[in-house]
Amino acid sequence: MQQPQPNNHSSNRKQLDNVLDILRKLWLILKETCRMLIKYLKFRASDPLKVFLVALLISLIYIIPLMMSNGALYGDDLHFHLNRVLSLASIHETPVNFKAFYKVGQGVNFFYPYLTYYPYYLLYRLTGSLYSGWILYIYGLTAVTYLISYYSGKGITHNPFSSHIFAIFYVFSAYRLGNIVIRFATGEVIAMSFLPLAFYGLYNIVIGNYHKWYPLTFGMALLIYSHILTAFMASAVVGLIFITTIAFQQNRLQRCWNFFIAVMASLALSAFQFFTMLEQFRYSRIDNPGGISLNDSTRTLGDIFHFSLNNAIKELVPGILVIVCLLLILLQFRKLRIEDYYLIGWIVLLILLESKVIKWPDSPNSSVSVIQFAWRVNSFLTLFATFLASKLFLLRNPSVGRRRLFYVETIAVLVALSAINISSSVTIFKTLSSHKPIIFSELSHRNKQKRVLNAISLRDYANRSTREKNEVADTGKKLGHQVIVKDSDVLLESKFRFRDSYATGVITNDTGSEQRIELPFYRYKGQVVTVDGQEVPTTLSKAGATTIHFPEGTHEIKITYHYTQLARVAWAASVISCLSIILYAIAYGLADRGILIFRKDGLVIYHPEWNSAATER
C-alpha cells in the first residue's frame with residue numbers, strides 16, 4: 001500500500017507559525033522587561049548599574065537562539081575545544097593532562113592560551129554538563145563583551161546612546177554567532193570580547209589622552225591570553241594604524257613614548273604565555289597547526305555580499321548587520337569626519353583581504369599562512385563597521401519624547417537582531433540534527449561525550465616525527481599505548497592507568513637485557529619519568545616519543561610534567577606587571593580628578609603639566 005506523501009505546504013506553514021509565535025512571545029517579554037527595567041533604572045539605579053543590568057538583559061536575549069539546539073553542541077572545532085576544557089582539570093598542578101587529548105600527554109596548554117577559557121571549566125564542574133556550562137559561559141562572556149564595547153565606545157564618543165548601539169551591533173554580529181554555532185571557535189569568540197578595549201587604548205595614544213595607554217596594554221594582553229592568532233593579527237593592525245596616523249598628530253614624541261610603554265607593558269603582562277610557549281618551541285620540534293594557503297579560503301566579492309545579505313553564518317561572512325552598517329555609513333558619507341574616512345579605508349581593505357582580489361602567497365609555509373583562513377579578518381571588519389555606524393547615532397541632550405522614541409527603536413532593533421539570529425541558528429540546528437552526526441563536531445544524545453572526544457586524533461602541538469613516511473603509524477602506536485623497543489617493532493607487555501596530572505604503568509621487559517624503549521607519550525620540557533620511584537633521564541625518539549633506558553624484568557613507571565623554572569618566573573613577572581599597571585591606572589585616575597597630586601619629581605610616566613591642571617581644579 002502506498003504511503004501518503006507529507007504535505008510540504010502544511011509543514012512549512014506550521015514552521016512559519018512557530019517562528020511567528022516565538023517572535024510574538026519574544027516581543028512581549030522584551031516589551032514588559034524593558035518597561036520594568038527602564039522604570040527601575042530611571043529612579044533607583046546609578047549609571048554604571050544601569051549599564052550592567054542592560055548588559056545582563058542583552059546577554060539573556062542573545063543566548064535564546066543557542067538554547068534551541070535541543071541540548072546539543074555543534075562546531076567544526078568542538079572535538080578540540082572540549083578536550084581543551086577537560087584538560088584544565090589539573091592546570092594548577094601541571095600543564096599536561098593525561099585524561100584529555102587521547103591520554104598521550106599532549107601539551108596543548110603550553111601553546112594554546114587558557115586563562116580566559118578557564119571560567120568555562122569552572123561552570124562545567126558547577127553544572128556537571130558541558131552544554132549547560134557552555135550556555136552559562138557564553139552568557140557571561142556576552143555580558144563582558146557588551147560592557148567592554150560600551151565603555152570603549154563611550155571613551156571615544158562620550159555618548160551613552162551611540163555606545164549602547166555599538167555594543168548591541170557588535171555583540172549580535174553574524175561573524176561572532178558563526179564562531180559560536182558553526183565552528184565552536186572558543187579562542188576567537190573570547191578574543192572578540194577584548195578587541196574594542198585594545199583599539200580604545202590605541203585611540204587614546206594616537207588621538208586622545210596618551211597618558212591613558214593602559215587600555216591598549218590590557219586589551220592586547222587579554223588577546224594574547226585568549227587567542228594567539230587574533231593577537232598576532234591585532235598587533236599588525238595596531239602597528240599599521242599607529243605608523244600611518246602618528247605623523248598627523250600633535251605631541252608626536254610623547255605619543256610614541258607612551259605607545260612604546262604600552263607595548264612593553266603588554267609583553268610583560270603576557271610573559272607567562274609567551275615565555276612558556278617559546279621555551280617549548282626551543283626545546284623540541286613541535287607540530288604547528290596551519291600550513292594552509294590563504295587563497296584557499298578567499299571568495300569573490302559577489303559571494304561575500306551574497307552570503308552576507310542571506311546572513312549565511314555557516315559561510316563565516318560579515319553578515320547582514322555589517323551590510324546594513326555599511327549602508328548607513330554611505331548614506332551619511334558627506335557628514336563624516338576625517339578619522340571616519342580613514343576607518344572606511346580600513347573597512348574596504350579588510351573586505352579586499354578576504355576576497356579573491358588580493359593574491360596571497362601560494363606556499364603554505366609563508367609567514368602569513370599561520371592565519372589559516374582569510375575570513376578571520378572579519379573580527380576587525382565587524383569592529384570597525386559597527387563602531388562607525390554607531391557614531392551616526394550621536395545625540396546631544398535629546399528631548400523626553402525623543403528618548404522614548406529611542407527606547408522603542410532600540411527594542412525594535414533588538415527584536416530584529418534576535419529574529420535574525422534565531423532564524424540563522426534554528427536553520428543550522430535543524431540541518432545538522434536531520435543528518436547523520438559528524439562524530440567529532442556534535443555533542444548530543446545521539447553522539448555521546450566519549451565518542452566526540454576520541455573521534456579523531458589531532459597532532460596540534462605534538463612532538464614532530466622525523467620519520468615523515470611513518471608519522472601516521474607512529475601516532476597510532478601512541479594512541480594504542482604501545483611500548484616498543486627503540487628502532488624496532490618489538491612490543492613489550494604494558495598496562496597503564498591515568499589520572500589528570502600523571503600516568504602510571506607496569507611494563508615487562510622480557511628480552512633478557514636492558515633496552516631503550518619508546519613510551520606512548522610526548523616529551524616536553526618539565527617532563528619527569530620515574531622507574532620504581534627513581535627519576536630517569538629521557539630523550540626524544542625519531543618517532544616523536546619519550547625514550548628511556550628500561551631494565552630487564554617488570555617495573556612500574558610514572559610520567560608527569562611540572563612547570564619549569566622559567567615558566568614560574570614568567571608567571572611571577574606577569575603578576576607583578578599586572579599589579580603595577582593597575583596601581584598606575586588607579587593613581588592616574590585619582591590625579592586626573594584632582595584627588596591625588598604628584599610632585600614634578602614624582603610618578604615617572606605621569607606628565608608634569610597635569611599637576612598644575614589638577615591643582616587648578
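Glycine is no exception: its Cβ is also placed from the backbone N, Cα and C atoms.
Since this is a predicted model, take the numbers as computed values, not measurements.
The transmembrane segment feature in TrEMBL is assigned to 49-68, 110-127, 134-152, 164-182, 189-210, 222-244, 256-275, 316-333, 340-358, 373-394, 406-429, 569-591.
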Message = Using a threshold of three or more Cβ pairs below 8 Å, and leaving out pairs closer than 6 in sequence, do the transmembrane segment (373-394) and the transmembrane segment (222-244) count as in contact?
response = yes
Query = Who are the chain neighbours of the transmembrane segment (164-182) in space, where the CB to CB distance is under 8 Å and they lie at least 6 residues beyond its ends?
reply = 54-55, 58-59, 62, 65-66, 74-76, 138, 142, 145-147, 149-150, 153, 188-189, 192, 196, 308, 311, 313-322, 325, 378-379, 381-383, 386-387, 389-390, 393, 410, 413-414, 417-418, 420-421, 424-425, 428-429
Message = Quick check for me: are there 3+ Cβ pairs below 8 Å between the transmembrane segment (569-591) and the transmembrane segment (49-68), leaving out pairs under 6 residues apart?
response = no
Inquiry  = Would you say the transmembrane segment (256-275) and the transmembrane segment (340-358) are in contact under the rule of three or more C-beta pairs closer than 8 Å, pairs 6 or more apart in sequence?
reply    = no
Ask   = Which residues, given as numbers and ranges, are at least 6 beyond the ends of the transmembrane segment (373-394) yet have a Cβ under 8 Å from it?
value = 153, 156-157, 159, 161-163, 165-166, 169-170, 173, 175-176, 188, 191-192, 195-196, 199, 229-230, 233-234, 237, 292, 294-295, 297-299, 316-319, 321-322, 324-326, 328-329, 332, 340, 343-344, 346-347, 350-351, 353-354, 360
Most Cβ pairs under 8 Å with the transmembrane segment (134-152), selected from 49-68, 110-127, 256-275 = 49-68
Message = Which sequence-distant residues neighbour the transmembrane segment (256-275)? Criterion: at least 6 residues beyond either end, Cβ under 8 Å.
response = 113, 115, 201, 205, 210-211, 213-214, 216-218, 220-221, 224-225, 228, 242, 246, 566-567, 569-571, 573-574, 577-578, 581, 605
